[in-house]
Every structure is written in C-alpha cells, then in structure tokens.
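Structure first, then comments.
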Amino acid sequence: MKNDNLAAASDFLHTPVVRAALPFINGGLSGMVATTVIQPVDMIKVRIQLAGEGIAGGPKPTPISVTRDILASGKALDLYTGLSAGLLRQAVYTTARLGFFDTFMARVSARAKANGKQVGFAERATAGLSAGGLAAMLGNPADLALIRMQSDGLKPLAERKNYKSVIDALSSIAKSEGVAALWAGAAPTVVRAMALNFGQLAFFSEAKAQLKRRTEWSTNAQTLTASAVAGFFASFFSLPFDFVKTRLQKQSKGPDGKLPYRGMMDCFGKVAKQEGVMRFYRGFGTYYVRIAPHAMVTLIVADYLGWLTK
C-alpha cells in the first residue's frame, strides 16, 4: 500500500502540468523561506538608504546604530516590519523569477544539446535578465508596499500611516494615490531585478559549472561557494538601482504638491549632485549581507526542492 502511494505521488509529480509549475512553486517557497530569515537585515538596509536624503554630508548611520534606534523606539519585532509585504513579494517575484529562469534555461539547454553544444555564459545571462525583468513588473506593488511599511516609522507621528498589513498598505495607496501609484519606481525596480538576476543567477550557474569542472568539492560546498560569488556580483550590479528604487517608492508629494524626483534618471542626477556618487553604494556591506545569504538560502532551498521533486 505504501509503495502504491509513493508511485502515485511520483506519477503526479511527473505530469506535464506539475512539471511546468514546479520551478515556479519551488522558487516561491525558497524565496519566502529566505525572506523570513533575512527580513531584519532588509529593514536596516532601507533605513540606511533613506538617511540624509538631499544632504551632501548628512548622517552616516551604521547597521548597529540603525538597529539600536529601531529597538529604542519600539520593540524587537519592529525589525520584522513589512514581513507580510516581503512574503507577498517573494510569492509573486521569486516565484516568477526562478520559474521563468528555470523554464528559459530548460529550453536553452535542450536546444544546445540538440546542436551538440554546451550552454554558455551569454545564454545564462540572457535568461537571468529576462526572468528578472518580467518578475519585477509583476512584483512591484508588493515591493512598493514593503518600502512604505519599512519607511513609515521615519515620519513624524502625526503623518504615519501605521499600515496593519500588506493588504492594508496596498489598498490605502491605491485609494489615496490611484492604482497606477502601485507601480511607482517600476523602472529602477525592473533594472535592479535584471542587474540582480544577471549577477545572481548567471554567475551562480556559471560558478557552479566551473567548480564542478575544476574541483572535487562536494555538491553542497560547490552550491555554497557559487552562492557567495553570485551574491557579491548581484550586490555590485544592483545596489545603485536598489537605492534609487527605495527613494522613488518612499517619496510623497511636498507642500507644493510636487514629488522630489520625477523618475529614475532625475533621482540619479539629483542624488549624484546633492549627495555624491558614492551615496549609491552606501551600505554595500549591509546590502551584501542581505543579498548573499538571501541568494544562498533561496538557491539552496530551490536546489533541495528540485532534488525532492525530480
């Protein structure tokens, strides 16, 4: 009876519909696990990016000082502010990102195999860029809600929205600013996702292939090392766009009824002029600590789920 149940489960996993859906399901689950682990670091990263806006010198917060301020003004759970939005974002964004990437790579691999060739870095990069861009557009509303929830505590008490959940944040933003406002910052979000995916997925796939070819390390050691390499390149390529995305998604109209930034390029220009070019890389260490472990947990869990369901 037990063997019959295992056989039935195996048959179900190998049906065409389930095989097509598994990369998306595994991607979403792995991203949600990683977000739960990394959320406090993401909260600190956002607060660092928003400090000293419009000032050349400005405060220079550290991860320790930001953590201390958050804990002093509330409670430890405040570090998990916006977790519901983070989980929704992963359920949409990472599900689509890893799902599309696996789907694209499967087609590229099949075509390369049919031609007697191996998949090259260019194909991996194209798959990563395409998957990231498509997924970012789908996940932008949840990403916007996450930034609004995390930055709400920086406002004066009278101006805070005190969002109860991601659904409350999304409905409040849509009601007060219009549905189109849910895609505020979509341009840098898409470019950030493409840059991050290029660094994360393409370099992870390439590093793992190189380690497999050149070392005798265990599969786990290869996966961990490839994830760390991918995390660095993902951080380096995507941080400036992540910075601009955060500023655009957090902004609100001033007393004159105008927004501080008209769009991505305007934000890049004003920050570079008013705060200096290196401001885009402020908090690189924190960002790497947010990106690299998130990439490692996501990719390891996705690898494991892929192994369980192969």
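Placement of Cβ uses the backbone N, Cα and C atoms for every residue, glycine included.
Positions annotated as repeat 'Solcar' by TrEMBL: 18-107 (among others).
Per TrEMBL, the feature repeat 'Solcar' maps to 119-210 (among others).
What TrEMBL records for 218-308 (among others) is repeat 'Solcar'. Assigned with DSSP, the residues of the repeat 'Solcar' (218-308) fall into helix, strand and coil as follows: 73 helix, 0 strand, 18 coil.
Taken from TrEMBL, the feature transmembrane segment covers 224-244 (among others).
The transmembrane segment annotation in TrEMBL covers 287-307 (among others). Residues 22-23, 26-27, 29-31, 33-35, 37-38, 41-42, 45, 94, 98, 196, 200, 204, 223-224, 226-228, 230-232, 234-235, 238-239, 242 of the same chain lie 6+ residues outside the transmembrane segment (287-307) yet bring a C-beta within less than 8 angstroms of a C-beta in it.
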Residues in the repeat 'Solcar' (18-107) grouped by DSSP into helix, strand and remaining coil: 74 helix, 0 strand, 16 coil
Chain residues in Cβ proximity to the transmembrane segment (224-244) (below 8 Å; excluding those fewer than six residues from its ends, i.e. six or more beyond): 49, 185, 188-189, 191-193, 195-201, 203-204, 207-208, 211, 217, 264, 267-268, 271, 279-282, 284, 287-288, 291-296, 299-300
Helix-strand-coil residue split for the repeat 'Solcar' (119-210), DSSP-based: 79 helix, 0 strand, 13 coil
